[in-house]
Amino acid sequence: MRVILLGAPGAGKGTQAKFITEKFGIPQISTGDMLRAAVKAGTPLGLELKKVMDAGQLVSDELIISLVKERIAQPDCANGCLFDGFPRTIPQAEAMVAAGVDIDAVVEIAVDDEEIVGRMAGRRVHLASGRTYHIQYNPPKVEGKDDVTGEDLIQRDDDKEETVRHRLSVYHTQTKPLVDFYQKLSAANAGKPKYSHIEGVGSVDAITAKVLAALS
């Protein structure tokens, strides 16, 4: 089964991706990992990619699609794969269709922007240990201090409200249109890929149950 997981940053895709890959025994494929692996392996495509990246240029959709086709032909993808952060744009999605890369299921995890801002902007981290807290859902015993060491907690730049809002606005401009694209593709192709919209609010277990039901 080949699955695309859509959703804004902070919607909980990473958590659900882990459950999906374990349940179906399929690898999670990210373009970043694929790029690094191809360059390291020194394949003809890898060498071409290295040239582009060394020149500080953006890797074209055409090269990325070639990379995807090379990756999904590998033995560990025999039962399918989960695409992580790809496609990001309509041209990439169209290129996948044109290249004959069939997708079985597209799952959108939908979470309201304000909920995401609350989730992410409330995170606090103890850098030395990696322990994470949340000012609302999982607060430390003493405000701003790590429970174990009593050292200061910090808010990572990625979790600051203005950064979160910027990432959400990029998502709505670039990636949200994929929701319409795959809904229309599914309707035009007698339900292939199967498209599912899931509300990503509630307990992790409840959301996982909905995601797995959508894929069964």
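Positions of Cβ are set from backbone N, Cα and C atoms, glycine also.
Annotation source Swiss-Prot lists ATP binding site at Gly10, Ala11, Gly12, Lys13, Gly14, Thr15, Arg123, Thr132, Tyr133, Gly202. In sequence order, Arg123, Arg124, Val125, His126, Pro139, Pro140, Leu153 make up the list of same-chain residues 6 or more apart from Tyr133 (ATP binding site) whose Cβ falls under 8 Å from its Cβ.
Taken from Swiss-Prot, the feature AMP binding site applies to Thr31, Arg36, Gln57, Leu58, Val59, Gly85, Phe86, Pro87, Arg88, Gln92, Arg156, Arg167. According to DSSP, Val59 (AMP binding site) is assigned to coil rather than to any helix or strand.
Proximity of distant same-chain residues to the region 'NMP' (30-59), defined by a Cβ-Cβ separation under 8 Å and at least 6 residues beyond the stretch ends, is recorded for 66-68, 70-71, 84-86. Annotated region 'NMP' per Swiss-Prot: 30-59, in sequence order, evidence recorded as sequence analysis.
When DSSP labels each residue, the region 'LID' (122-159) comes out as 3 helix, 12 strand, 23 coil, counted as helix, strand and coil in that order. Swiss-Prot lists 122-159 with the feature region 'LID'.
Gly12 (ATP binding site) sits 17 Å from Arg88 (AMP binding site), taking the C-alpha atoms as the reference points. Taking each of the binding-site residues Gly10, Gly12, Gly14 in turn and counting other Cβ atoms within 10 Å of its Cβ gives the largest count for Gly10. You'll find the Cα of Phe86 (AMP binding site) roughly 16 Å from the Cα of Gly10 (ATP binding site). In sequence order, Ile64, Leu67, Val68, Gly85, Phe86 are the residues of the chain that are 6 or more apart from Thr31 (AMP binding site) and have a CB within less than 8 Å of its CB. Rounded to a whole number, the C-alpha distance linking Val59 (AMP binding site) with Gly14 (ATP binding site) is 24 angstrom.
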